[in-house]
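Asks: First the structure, which I've put down as structure tokens, then a few questions once you've had a look.
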Amino acid sequence: MGCCRVPSPVLALLLLLRPPASPACPAACRCSPGEVDCGERGLREVPWSLWANTSTLWLGYNFITVLGPRSFPPLPGLRLLGLAHNRLELIHPKALLGLGALQELDLSHNHLTVLTPATFLPLTSLAMLNLGSNRLGELEPGVLGALPQLQALLLQDNPWVCSCDILPLWRWLSHNREKVREKSLLLCRAPEQLNKYPIMAFGDESFRQCQESSLSSQHYIAFFIIGPFSFIASIFFCTFMGWLIVFYHSLRREWHCWRRP
């Protein structure tokens, strides 16, 4: 029986039309349709070979310390990302690019001290954010303002510094009480006299002094510029006035000497 040979152009077209193979499940992870579980695997970075249709990614209980630029491959369908119980100290402003569909993000039990608004700008669909049990002393107001769909926020067990710097966060919390979970666990750590004082128990009068004495960065710059110039100008002025007085007395002395017979 003769063998039917497929013309090479047709074969090439069939190869082009064949859907690309999905990346394999990362060796350190367990995978099921839509879900990748890489928890407790001793990972120090995010695996790159993830399925594009991943909707849930667990990375908890690992040793990830930094999320650099584009730490994740394109995951347009990712809805839940769990990074709890790592050693995260830094999240780059471009670390979460490509995760625009993300709805839940768990960053609890890490070592985060600073977060920037740019980090969360790509997360336009985020509804739940867990920042509990980190090392946050304050939180920039722009961080929460960058999350228009946020419905649930956890901030408990952080060493909050209840100074004037916490005023923007307190204002956001006061206007979004329904979004804040575990309100009773938002406690001051410093200063010492306010240790374990509930942040939500503050009122407007608590920050009256901050509002009255708050100065913008432009004010401080003006002070630093005007201050030295004023000091130098005062020295020149005093020197000039002293010279005038000495010159005046010298003229009077010469005048008296000239009139003496």
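Every residue, even glycine, has its Cβ placed from backbone N, Cα and C.
Sharing the features that TrEMBL gives for it:
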SIGNAL    1-23  signal peptide
DOMAIN    24-56  domain 'LRRNT'
DOMAIN    158-211  domain 'LRRCT'
TRANSMEM  220-251  transmembrane segment
Asks: If you average the pLDDT over the domain 'LRRNT' (24-56), what number do you get?
Replies: 92
Asks: Kindly report the helix/strand/coil residue split of the domain 'LRRCT' (158-211) according to DSSP, in that order.
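Replies: Split into helix, strand and coil, the domain 'LRRCT' (158-211) gives 32 helix, 9 strand, 13 coil.
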Asks: Residues of the same chain, at least six outside the domain 'LRRNT' (24-56), with any C-beta under 8 angstroms of its C-beta?
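Replies: Those are 62-65, 67, 71-80, 82, in sequence order.
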Asks: Per DSSP, what is the residue count of the domain 'LRRNT' (24-56) in each of helix, strand and coil?
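Replies: Across the domain 'LRRNT' (24-56), DSSP assigns the residues as follows: 0 helix, 7 strand, 26 coil.
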